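Asks: Can you read through this structure? Questions will come right after.
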Amino acid sequence: MEKEDPRNRMTVFDMVSKFEGGSSRTDEDQRKLAMPRALMPPGARLEAPRPADPEHWPQREQDRETPQRKHGENSRGPRHSPLPARKECEPPGSTEPPGASRDFTWKKMHSFRKRHSTQRLIRREVKSTLEGPEEEEEETVKEEKKETVEEKLFKIAKELLDTEKAYVSRLHLLDQVFYAELLKEARLCSSFPEDIVKQIFSNISSVFQFHQQFFLPELQRRMDDWGSNPRIGDILQKVAPFLKMYGQYVCCFDRAMDLITTWMEKSPRFEEIVLDIQKREACGNLTLQHHMLEPVQRVPRYEMLLKDYLKKLPPGSLDRADSEKALEIIFEAAKHSNAAIADMEHLEKLWEVYEMLGMEEEMVDPSNKLIKEGPILKISFRSASRKERHIFLFNNMLLYCVPKFSLVGVRFFIRTRLDMDGMQVKDLNDVEFPHAFLVSGKLRTLELQARSQEEMQSWIQACQQAIDQNEKKTESFKAATSSLAQDLQQVSVERQELGKRAPQLIRDKLVSMCMRCKEPFNAFIRRRHHCRACGYVVCWKCSDYKAALEYDENRQNRVCFECSSILEGQTGTRDREDKKRGILEKEAAEVSGRSLMCSFLQVLEKNGRVGSRGWFVIPRDEPMILYMYAAPQDVKAQSTIPLLGYQVKELLPGDNRCAFQLTQSKQTLSFLAESEEQRERWAEIINQVANGENQWSLDV
């Protein structure tokens with residue numbers, strides 16, 4: 001309750017004065033009450049209000065006559081008259097008898113006491129009178145609240161009916177006026193295409209018929225019978241599933257707006273008809289676009305009204321269950337419309353991509369979904385160089401494209417198309433090319449490099465999800481999916497379906513020797529070649545074979561001796577070779593995959609000059625041996641170093657911060673790492689391995 005202003009407290013006295021039949025204070029009195037005493041005129045005083053009617057005066061004052069009463073004046077004298085003690089100020093010729101002033105003062109005090117006690121009694125009665133109605137008023141408010149809830153529910157239902165009537169009239173205007181007249185003109189005079197009119201208004205006829213013939217009559221009957229059946233939840237629950245038809249209208253709305261704008265400028269007759277209808281009274285000075293927006297807003301309007309209705313609905317109401325179910329269905333219908341909008345935006349984006357790619361008609365499929373697209377770096381298996389490329393990932397294929405320097409029209413050339421059926425993707429964990437990953441299809445395998453670890457993981461995840469979804473839909477790819485988690489180089493040629501899918505071609509710079517005969521390559525006698533079946537880098541002697549490969553439409557391709565034997569049905573060659581393998585004949589890729597530490601190191605000669613660069617590996621299953629390979633994909637090590645007894649020498653001032661030395665008695669080996677961090681890692685692992693300190697639990 002707000003605090004009462006002290007200046008307004010005098011209204012209680014006004015009530016008392018009215019109760020006694022007198023008048024309330026004058027404006028002059030109110031002004032003097034608010035005026036500080038220091039500012040009041042000399043001799044001025046403000047007296048309590050006195051009843052004007054003598055009948056309400058105290059009895060003793062009525063029985064005694066005073067000289068003032070004879071003259072028709074108040075016994076207290078004129079307002080603001082001088083005090084009796086100051087008789088010298090009275091005008092000459094006064095008729096007041098001696099002793100009258102003293103008598104008058106006593107009567108005045110007696111009258112004041114009686115009047116004051118009377119006013120206190122009246123205040124008490126007024127207070128009790130005011131407190132009583134407050135309690136009654138609270139009870140009345142409570143009763144009115146019950147009525148207010150029922151009235152609010154009725155008002156919401158009435159608002160739903162009124163807005164529905166107005167909405168149906170708008171639908172009638174759209175369907176029976178705009179649509180009908182434009183369609184008639186298109187059919188009779190061919191001023192503009194009939195198909196354009198149908199695209200603009202979409203399924204507005206179905207929406208209009210549903211509301212006019214079904215929803216509005218049902219709602220009207222219920223409101224007419226509201227007194228005996230005050231509920232709307234059951235009706236809304238019954239009609240809510242039909243609201244999904246708005247999805248088609250909402251989906252075509254943006255396109256319809258563009259068509260209206262285009263044909264208003266393109267066709268004078270189209271513009272004339274639309275403007276003529278807009279001038280009619282039924283349009284309310286609104287444009288066609290404004291009226292077409294109403295169906296888009298209608299479903300959210302139902303949802304808002306029903307939420308308000310549920311807030312006012314008592315918890316135990318019979319209509320609550322139906323209303324909550326109706327709200328749930330309407331919410332789903334709204335989501336359906338939103339999904340339709342998202343699908344339309346997706347199709348528009350898809351069409352933009354098709355235009356950028358200049359795709360042929362047979363490749364343009366509206367059922368395709370663009371999942372991800374963006375620039376990428378392609379790693380060449382010949383020169384290990386990187387080139388700017390662009391890839392588009394769809395739900396059923398991946399397009400590998402080359403950018404074309406053009407601002408309009410076709411902006412990319414499609415170099416390779418990899419179907420999702422049979423595609424594989426994996427992280428390469430390549431030291432030379434960080435953030436690199438492999439995409440392997442039946443026709444080609446691509447080594448790609450992202451710009452960051454997060455971008456690489458995003459591409460791998462998107463590709464894998466597309467592969468999984470394609471497998472669930474088609475159920476045509478039933479090969480062992482465990483191969484996705486394995487290194488493609490470790491899977492045997494038989495399990496890779498040799499010749500049926502494009503292999504991963506090993507980069508030339510990752511190999512220094514033939515991966516079959518293990519002879520070193522040179523630029524004149526033993527050059528590098530790729531087996532088109534397994535992807536290995538082999539010499540000319542080991543690749544002097546031809547075989548028809550299924551993934552290349554059974555054309556003859558260069559293959560190695562082992563793949564040729566398998567494709568021709570011969571087996572056992574690899575098993576015999578495995579029995580002859582020595583300690584150095586361990587493939588670098590196989591050892592690196594289960595290593596404690598592996599990286600490139602440069603060997604430093606005794607004179608401090610930088611020597612050859614090699615790939616060094618400490619296997620997890622052989623932690624006491626340091627393997628040295630010429631390249632990361634070599635199938636045979638150049639040499640091994642037993643680490644037992646070696647220690648890493650501490651750096652001295654002025655030493656290269658990336659260099660470290662292994663010392664054992666009088667023997668010293670010097671190496672140069674690619675970074676200080678890598679140098680510290682090598683020193684830590686070698687010290688722990690050489691001292692036998694928990695070497696198998698080390699984490700790389």
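Using the three backbone atoms N, Cα and C, a Cβ is placed for every residue, glycine included.
No curator has checked TrEMBL annotations; they are predicted automatically.
Straight out of TrEMBL:
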| type | residues | note |
| --- | --- | --- |
| COMPBIAS | 47-76 | compositional bias 'Basic and acidic residues' |
| DOMAIN | 152-340 | domain 'DH' |
| DOMAIN | 369-468 | domain 'PH' |
| DOMAIN | 508-568 | domain 'FYVE-type' |
| DOMAIN | 594-691 | domain 'PH' |
| REGION | 1-105 | region 'Disordered' |
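For each listed feature, how buried is it and what is near it?
Replies: Within the model, the domain 'DH' (152-340) carries an average pLDDT of 89.
Mapped onto DSSP helix, strand and coil, the domain 'PH' (594-691) counts 15 helix, 43 strand, 40 coil.
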Asks: Where DSSP helix means H, G or I and strand means E or B, what are the helix, strand and coil counts for the domain 'PH' (369-468)?
Replies: 16 helix, 48 strand, 36 coil
Asks: May I have the DSSP-based helix, strand and coil counts for the residues of the domain 'FYVE-type' (508-568)?
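Replies: Per-class counts: 13 helix, 16 strand, 32 coil.
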